[in-house]
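Trainee: Residues or ranges marked as L-aspartate binding site in Swiss-Prot: 170, 216, 439, 475. Here Swiss-Prot flags 194-197 as region 'Aspartate', drawing on sequence analysis. Residues or ranges marked as ATP binding site in Swiss-Prot: 216, 217, 218, 225, 468, 520, 521, 522, 523.
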């Protein structure tokens, strides 16, 4: 037996027990010849005491940090003045025997030290000993267990779908896997199980879920990885409202299992409302500061900057806040919004009178805003003008978020969840001069008889604290509608059959109305763990350039392997060398 208890288990009730503990040496102190050792495992830490007269004293002199040891001893109550806030802080173990299970070289850093992320990822086995990282993975486990518990209780079946499948690009690049047996042909790793889960609905499995590994060869950010985990869910014979209601309950249950209370009812905003009020389709509403349309207060202005915009049917929008403002801060904000296409930023604050660098030109307009919105002393209004409403909303939305994060960080612990619905069905691709599906081409449109740019989709995103944690839609279950959608996005019948023939065929054999959602599990855990990057909730993540620092992947392979796959490496890329024989 290596241990009778773990390092986070012993309490005052265990005093006088003979115990065996195993773990890592976290700290060693020598006080007056007495050795104090903190022993650590994933459950916690326990203080060990080795007296000079102990049979274990000699070996305790040799120990180093991060060595793995086994100790035998008796549980004692600590003197009151030495008790700590540790969960085991009321006791210590007086050691009479130490066995070294494994020595450790001096590590490049110790668990919990502040070092670069590259170093943490290279020596991930050291980094994962940090109690913060272990806490994150424990949260991940609890949320995964909760998700399965909820879905199993609601009659969902967990079904696995293939990793090696057909390349059907969904926006990002596919990761391709060459076939050895089918020379010159490639599998693709799935960007999502989208078509397989819809085929499961056609097959009669009316409630499906899967913890799906998904792969996308795209540029990475703090919340992106080339491989990531989705909780993939699909249902048959359901309306959109039924999906949204059940998935709200799902989210409340999963987050509730890790101590996070979500709202009893999630608000629903249309895409257009979200953009108008928050300048984002992923609004973080915790900060308030909704965007306001101030255009009417400036219709008679002679101030050239605004007058020119209004003559081109533009708008004036902004938001009201209470932050301290100065010319220096306003100048920083102005440079920020210029990155989003605005020419500048206007502002005023209400002290005993209106204070603004543009007050002599716009004071009457500012007075109207003060009166209409009943502004109090200390109020600050940030506003801008532009002829393109989308640019205006997006820029002010980004500024609103910047102000919220910098000045109202006490709201970070609040949780706000909502649905965004009524997304545009299509978006215009400038480079290819055509419409393409905003979500994917299997989303059900609301009305195909409208102008293409006005068509809305039965699509929905779940937003938590300004992050999209889930997205889905009602799917097309009519082969004629699916054919029409392919035509609208510029796919010929031949191209559609080449890419999706197997799926188009399935639509001919009795398809139930169905819809679903996919939750970004890594992102959900990162919110619950309150970390900035999903790399901190994944055991072995890639860097922002897609490299595994631990293993060195991706790496070169032997020439023999390439020949078996009929692949030749050449400067600038990979060439498929077809073997005619």
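Including glycine, each Cβ sits where the backbone N, Cα and C put it.
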Trainee: If we check Cα distances from residue 523 (ATP binding site), which of the binding-site residues 216, 439, 475 wins as closest?
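Mentor: Checking each of 216, 439, 475 against residue 523 (ATP binding site), the shortest Cα distance is to 216.
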Trainee: Just to be sure I understand the packing, how many Cβ atoms besides its own are within 10 Å of the Cβ of residue 218 (ATP binding site)?
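Mentor: A 10 Å sphere around the Cβ of residue 218 (ATP binding site) contains 13 other Cβ atoms.
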Trainee: Measure from the CA atom of residue 475 (L-aspartate binding site) to the CA atom of residue 218 (ATP binding site) and give the result in Å, rounded to a whole number.
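Mentor: So the alpha carbons of residue 218 (ATP binding site) and residue 475 (L-aspartate binding site) sit roughly 26 Å from each other.
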Trainee: Minimum Cβ neighbour count within 10 Å among the binding-site residues 439, 468, 475, 521, 523: which residue?
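Mentor: Each of the binding-site residues 439, 468, 475, 521, 523 was scored; lowest Cβ tally within 10 Å is 468.
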Trainee: For the ATP binding residues given in the record (216, 217, 218, 225, 468, 520, 521, 522, 523), what is the largest pairwise C-alpha separation in angstrom?
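Mentor: Between the outermost Cα atoms of 216, 217, 218, 225, 468, 520, 521, 522, 523, the distance is 20 Å.
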Trainee: Compare the Cα of residue 468 (ATP binding site) against each of the binding-site residues 216, 439, 475 and report the nearest.
Mentor: 439
Trainee: Quick one: what's DSSP say for residue 216 (L-aspartate binding site), helix, strand or coil?
Mentor: coil
Trainee: How big is the Cα-to-Cα gap, in Å, between residue 475 (L-aspartate binding site) and residue 521 (ATP binding site)?
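Mentor: Taking the Cα atoms only, residue 475 (L-aspartate binding site) lies 22 Å from residue 521 (ATP binding site).
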Trainee: How do the residues of the region 'Aspartate' (194-197) split into helix, strand and coil according to DSSP?
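Mentor: Across the region 'Aspartate' (194-197), DSSP assigns the residues as follows: 4 helix, 0 strand, 0 coil.
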Trainee: State the count of C-beta atoms found within 10 angstroms of the C-beta of residue 216 (L-aspartate binding site), not counting that atom itself.
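Mentor: Looking across every protein chain shown, the total is 21.
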Trainee: DSSP secondary structure for residue 468 (ATP binding site), reduced to helix/strand/coil, please.
Mentor: strand
Trainee: Please report the distance from the Cα of residue 216 (L-aspartate binding site) to the Cα of residue 521 (ATP binding site), rounded to the nearest angstrom.
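Mentor: Spelling it out, the Cα of residue 216 (L-aspartate binding site) and the Cα of residue 521 (ATP binding site) are 15 Å apart.
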